[in-house]
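TrEMBL annotations:
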{"type": "COMPBIAS", "residues": "1-14", "note": "compositional bias 'Basic and acidic residues'"}
{"type": "COMPBIAS", "residues": "15-28", "note": "compositional bias 'Polar residues'"}
{"type": "COMPBIAS", "residues": "38-71", "note": "compositional bias 'Polar residues'"}
{"type": "REGION", "residues": "1-89", "note": "region 'Disordered'"}
{"type": "TRANSMEM", "residues": "99-119", "note": "transmembrane segment"}
{"type": "TRANSMEM", "residues": "131-153", "note": "transmembrane segment"}
{"type": "TRANSMEM", "residues": "165-184", "note": "transmembrane segment"}
{"type": "TRANSMEM", "residues": "218-236", "note": "transmembrane segment"}
{"type": "TRANSMEM", "residues": "248-266", "note": "transmembrane segment"}
{"type": "TRANSMEM", "residues": "286-304", "note": "transmembrane segment"}
{"type": "TRANSMEM", "residues": "325-346", "note": "transmembrane segment"}
{"type": "TRANSMEM", "residues": "366-398", "note": "transmembrane segment"}
{"type": "TRANSMEM", "residues": "418-440", "note": "transmembrane segment"}
{"type": "TRANSMEM", "residues": "446-468", "note": "transmembrane segment"}
{"type": "TRANSMEM", "residues": "480-499", "note": "transmembrane segment"}
{"type": "TRANSMEM", "residues": "505-524", "note": "transmembrane segment"}
Amino acid sequence: MRDTFVQILKDKPETSFNSDSSHNNEGQNGAVKDVSKNGWNNNHLSQIDSGMVKNSTTNYRGRSSETSASDPSGARGMRNSMEGSGPKANHAVELKKRMGLFSGIALIVGTMIGSGIFVSPSGLLVRTGSVGISFIIWMACGILSLLGALSYAELGTMNTSSGAEWAYFMDAFGSAPAFIFSWVSTLVLKPSQMAIICLSFAQYAVEAFVSECDPPSVVVKMVALLAIVCILFVNCYSVNLGMAVQNVFATAKMIAVLIVICGGAWKLFQGNTQHLSNAFENPSPSVGVIATAFYTGLWAYDGWNNLNYVTEEIQNPSKNLPRSIMIAIPLVTLCYALINISYLAAMSPDEMIGSEAVAVTFGNRILGMFAWIMPLSVTISTFGSANGTLFAAGRLCFAASREGHLLDILSYVHVRRLTPAPGLIFHSLIAGAMVLYGTIDSLIDFFSFTAWIFYGGSMLALIVMRYTKPNYPRPYKVPIIIPILVLVISIYLVIAPIIDKPQIEYLYTILFILCGLVLYLPFVRWRMHPGFMNKVTIFFQMLFEVVPTNHMAMFD
């Protein structure tokens with residue numbers, strides 16, 4: 001078995017082993033033990049911290065001195081530029097710091113501007129019944145997202161390990177809350193987010209070829225599954241390729257946004273302001289309805305925290321993380337405000353409510369023979385958003401599994417491409433199942449309710465660590481009133497819909513979250529691991545050519 005494993009993984013004729021490795025790999029369920037003649041070290045020989053090689057001043061889980069790594073380029077050609085050069089002899093297998101300021105902004109913008117702004121405007125009007133209140137909620141969602149992201153900037157510069165909420169819960173509350181988050185997020189939140197986006201992508205893509213009737217649901221689901229497979233391939237093949245796709249699609253969707261804004265400005269210039277007058281003439285909605293309307297709006301803004309999932313791969317995160325947030329989220333908020341005004345300049349509120357594809361209807365009204373640009377723009381936008389979502393989701397699996405909170409194989413990376421392929425594949429499989437059995441509207445409400453439980457938990461973590469770790473280095477520090485305000489709003493968003501209109505789905509969600517504790521005690525706290533997991537892990541290591549990041553690289 002050992003010889004077979006080495007022969008399958010090695011990429012060059014000669015293999016270089018670390019002669020100092022002498023410890024067994026005891027901390028992981030199903031990890032490969034003693035693969036080389038001296039064994040792999042799971043503790044301190046490789047000196048890994050946050051996916052980078054430790055120096056003498058490095059602390060636990062991601063709190064390391066920052067080093068910049070430039071993107072590979074030059075003489076090695078396009079193939080190495082996309083794949084990366086892989087680990088060098090006696091170096092650790094690691095996630096490289098390849099994301100600069102522009103890539104950080106592109107990840108946030110590219111993930112936030114997805115299907116939401118093309119689906120949610122009509123949903124907000126239905127729930128609020130008022131143009132004015134729906135516009136206020138759009139702006140309030142943007143401000144709330146910015147405040148939450150600024151709080152995450154402090155958390156992300158305190159702890160630069162990947163995993164976002166999972167890492168912050170570990171620091172503030174300990175292992176059990178962090179496991180519950182990884183349990184819910186890995187099995188529900190991130191896959192459902194990707195499923196919604198890919199279903200929206202497929203809906204718009206198929207509508208371009210079906211004009212006389214609604215697109216068949218089977219075709220829509222098949223196209224959504226195909227999109228998941230394509231995005232999975234991109235992100236498994238190369239981190240550089242995944243970032244390049246994100247940058248290109250983020251730029252393309254900003255061009256599409258400008259087309260909508262310019263079309264709306266032209267309509268306003270012609271005097272089409274009748275739908276913007278008397279914006280508050282309808283009765284105000286109830287408190288619970290406002291909360292569910294926030295769910296619809298916040299879905300369009302979701303992705304504001306995705307950069308925190310990949311902090312191990314950001315160059316100079318103490319500066320580039322807050323800068324990316326401060327540029328990207330106000331930009332998206334401004335775009336959403338102008339897009340909503342543009343929609344109302346071309347369509348009445350009733351027409352928006354009656355349209356299943358608001359952006360397409362807008363294009364038919366404004367662009368004439370070039371109306372096909374809008375479905376194309378939406379498909380580009382949603383594909384880029386799905387790419388960013390999977391890019392971030394794979395890092396959550398990677399970080400949580402590295403601490404033994406999920407299957408060990410999910411924390412492994414490819415020996416040459418240095419991508420967390422098992423985590424990416426796992427998320428894609430669950431998202432594919434949700435595509436087959438879910439609908440967009442049901443998934444959005446379920447996602448938003450669950451997500452804001454943990455967003456509020458992150459605000460509480462920041463407040464708690466202000467008192468439990470007052471002297472801890474904080475390269476960026478947010479005013480304490482901001483996380484307190486976001487925490488209060490999070491509590492409102494979770495409780496108000498339950499009080500206003502109780503539904504059995506909310507109870508199912510809470511029970512699912514609590515089920516995490518049932519699994520935490522035996523498999524994490526007491527470390528009860530089935531014996532067959534060793535063989536399962538070895539099989540998938542051989543299949544995917546992956547190794548743990550806290551082991552010495554075996555090959556040149």
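Every residue, even glycine, has its Cβ placed from backbone N, Cα and C.
Whatever TrEMBL says is automated annotation, not expert-curated.
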With the transmembrane segment (218-236) as the reference, find which of 366-398, 480-499, 505-524 contributes the most Cβ pairs under 8 Å.
366-398
So which of 131-153, 165-184, 366-398, 446-468 is most in touch with the transmembrane segment (505-524), counting Cβ pairs under 8 Å?
165-184
Ranking 99-119, 366-398, 418-440, 480-499 by Cβ pairs under 8 Å to the transmembrane segment (446-468), which is first?
480-499
Per the Cβ under 8 Å criterion, with at least 6 residues separating them from its ends, the transmembrane segment (418-440) contacts 84, 86-87, 93-96, 119, 186-187, 190-192, 194-196, 198-200, 203, 221, 224-225, 228-229, 231-232, 235-239, 242, 390, 393-398, 401, 409-412, 540, 544, 546
Using Cβ distances below 8 Å and needing 3 or more such pairs, separated by at least 6 in sequence, tell me whether the transmembrane segment (480-499) contacts the transmembrane segment (248-266).
no
Between the transmembrane segment (248-266) and the stretches 99-119, 131-153, 165-184, 366-398, work out which stretch tops the count of Cβ pairs under 8 Å.
366-398
